[in-house]
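Taking it in order: structure first as structure tokens, then the write-up.
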Amino acid sequence: MQHDLFSTNGGSEPISLGAQSGLLRGFALPLQDQLLDAIQDIALEAPWRQLFTPGGKPMSVRTTNCGTWGWHSDRQGYRYVAHDPHTGKPWPQLPELLQQLARRAASQLGFSDFEADACLLNCYEPGAQMGLHQDRDEQSFAAPIVSVSLGLPAQFLWGGTQRNERPARIELLHGDVVVWGGVDRLRFHGVAKLAAGKHPQLGAQRINLTLRHAGN
DNA sequence: AAGTGTCA
DNA sequence: CATC
């Protein structure tokens, strides 16, 4: 039987996080097995690695990328690079599965024709976190950000356009997708220190996929 | 600078 | 708030 990969949550409404942002609870669940396979393949080609902030401090997550552009951080700063500094090779191709998932999710929030050219993969183990920040290394902020959560639950910190606004805490579960763009595109966000736990598929980790249009 | 440590 |  022919079935719609997105049917599980195709009819559910986004949980609003702002005028042009929302949480699509469980949106990626129908694709979970294919997503985990794709992540494994990506990590074989572009291994997980620990990045350093420009200040020289190690980040607590492990990172890799796929797509035309990969986000990288070191003492030179934050930037997108076309080649993996670890291997010298181009980043693995962005799987069509992921491209379509991101396009469908963006469409649910009113962003048509989203075309990701970068996917940052962050792996959190218990204790790992991501401080409040803006995604502002992309060449244009016209396209939204699409974030896919897999594995252990996390508290998403969802702030305002100004750093001093106290962020809301939103629990993100395996299969959840968050989309933000337009007036919400530069909102500060982060992830609270991951609590210990074991996920049936992923064990003691959370993997987040962040899809972006980084180039021209 | 998406970091941590420190001070109020 | 300091930090190649």
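In case you wondered, yes, glycine gets a Cβ from its N, Cα and C as well.
Automatic, uncurated: that is what TrEMBL annotation is.
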Quick one: which of A:HIS72, A:HIS189, A:HIS199, A:HIS213 does TrEMBL put in the Fe cation site with A:HIS133, A:ASP135?
A:HIS189
Enumerate same-chain residues with a sequence separation of six or more from A:ASP137 (substrate binding site) and a Cβ-Cβ distance below 8 A; give 'none' if the list is empty.
A:TRP71, A:TYR78, A:ARG79, A:TYR80, A:ALA214
What does DSSP say about A:ASP137 (substrate binding site): helix, strand or coil?
coil
Including all protein chains shown, what's the count of other C-beta atoms within 10 A of the C-beta of A:LEU211 (2-oxoglutarate binding site)?
30
